[in-house]
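Asker: Structure provided below as structure tokens; questions to follow.
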Amino acid sequence: MRLQPSVVLRFYSLCGILIQVAATKSKVKGSQGQFPLTQNVTVIEGETATLTCRVDQNDNTSLQWSNPAQQTLYFDDKKALRDNRIELLRASWHELTIRVTDVSLSDEGQYTCSLFTMPVKTSKAFLTVLGVPETPQISGFTSPVMEGERMELTCKTSGSKPAADIRWFKNDKEVKDVKYLKEEDANRKTFTVSSTMHFRADRSDDGAVVSCRVDHESLNSTPQIAMQVLEIHYIPSVKIIPSTSWPVEGQSITLICESKGKPLPDPVLWTKDGGELPDPERMVVNGRELNINFLNKTDNGTYRCEAENTIGQNSAEYVLIIHDVSNILLPTTVIPSLTTATVTTTVALTSTVPSATAINTRDPNALAGQTGPDHALIGGIVAVVVFVTLCSIILLGRYLARHKGTYLTNEAKGAEDAPDADTAIINAEGSQVNAEEKKEYFI
């Protein structure tokens with residue numbers, strides 16, 4: 001059987017088409033694995049950046065790294081750019097890795113890895129360079145500061161990329177009310193940031209530590225900190241503290257003048273009722289203390305303590321009231337008996353201790369004191385003894401009156417004529433009703 005020429009031609013055309021389709025599928029399948037893979041890199045200024053380009057399937061096709069200016073850095077294992085900071089780490093058909101040391105801000109940009117297939121395939125990797133902020137500085141403080149003055153402290157740092165964050169603290173407590181300012185540096189890459197804190201100086205701020213903290217991702221969770229210790233000058237504060245709250249006549253008392261100020265106040269000045277101390281022999285000043293011995297009623301009055309430093313003067317007053325010694329009489333106990341009365345009296349002489357109510361109604365500056373006997377005490381003892389004696393006699397008389405005894409003496413009429421006593425008694429029984437009763441009381 002002989003085939004027609006047209007049939008043979010169609011057969012060969014069909015085979016050619018099948019072969020071409022198979023070749024195209026094989027080429028597409030192979031090219032899917034020939035695609036470079038890269039990753040973005042972030043590095044701190046001055047450190048080292050590593051750029052890696054990988055290909056899963058490569059049929060001996062070359063790889064190339066180029067910088068943001070499209071300058072070739074490495075073509076396979078061949079160095080193309082003269083830069084001692086750029087080094088080759090690994091070069092193979094499946095990987096091309098290079099290293100850039102001492103990275104600067106100018107190295108930032110988009111790097112390209114090229115795979116020289118038909119057509120050329122590329123992958124981009126962006127290199128981000130972080131600018132490290134400079135050590136912060138605090139300005140605006142002049143030592144010392146007077147109490148009540150308005151203070152303005154500014155913390156400033158430059159060279160950060162992106163812009164750094166600034167936080168204020170006073171004795172480890174964060175201050176929120178601050179003003180933040182950000183400015184771009186001349187290189188148009190980094191930033192200068194500043195923060196200002198306003199407050200009014202107070203004596204409680206003296207010795208306080210004010211700190212400015214700079215936070216930035218390039219610092220690896222270790223912030224930069226600047227500190228300033230505040231020195232506040234203020235007038236003295238004065239307070240008088242007595243050694244006893246209940247000054248008693250004949251005792252002694254010490255008044256302590258407690259003064260605080262910066263600079264430290266000069267020695268204090270003591271006065272009484274607006275004048276000098278009237279009795280220097282009994283009223284002795286020892287530093288900041290006033291000692292008054294053998295108190296008496298003439299010591300009553302207002303005592304004033306004055307303290308002064310270079311900033312100003314202040315004072316405090318204490319009203320001294322001398323108290324008498326008073327006594328406490330305990331109750332009398334009476335124990336009755338059938339025949340006699342025993343009276344037991346207990347008298348206790350102690351110093352009067354004021355109650356909380358009594359203290360509150362008297363001088364608020366007074367505290368507890370000691371007591372001692374005087375001439376009034378002797379008179380009080382005599383009066384108590386007399387009073388107890390009279391009470392005992394009255395009580396004993398009332399007791400005996402309630403327990404009195406009686407007896408009757410009976411005499412029968414005609415008893416004188418009776419021959420003996422028995423006859424007189426028998427004769428008197430009938431007329432006992434008419435007999436005269438005689439009563440005798442005895443004690």
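Glycine residues also receive a Cβ, built from the backbone N, Cα and C atoms like all the rest.
OK, TrEMBL features for this one:
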- 36-123: domain 'Ig-like' (DOMAIN)
- 136-228: domain 'Ig-like' (DOMAIN)
- 236-321: domain 'Ig-like' (DOMAIN)
- 1-23: signal peptide (SIGNAL)
- 376-396: transmembrane segment (TRANSMEM)
Asker: Would you list the DSSP helix, strand and coil counts for the residues of the domain 'Ig-like' (236-321)?
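Answerer: DSSP composition of the domain 'Ig-like' (236-321): 3 helix, 48 strand, 35 coil.
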Asker: Under the DSSP assignment, what numbers of helix, strand and coil residues are found in the domain 'Ig-like' (36-123)?
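Answerer: Taking the domain 'Ig-like' (36-123) as a whole: 3 helix, 43 strand, 42 coil.
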Asker: For the domain 'Ig-like' (136-228), what are the DSSP-based totals of helix, strand and coil residues?
Answerer: 6 helix, 55 strand, 32 coil
Asker: Taking the domain 'Ig-like' (236-321) alone, what is its mean pLDDT?
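Answerer: PLDDT averaged over the stretch: 94.
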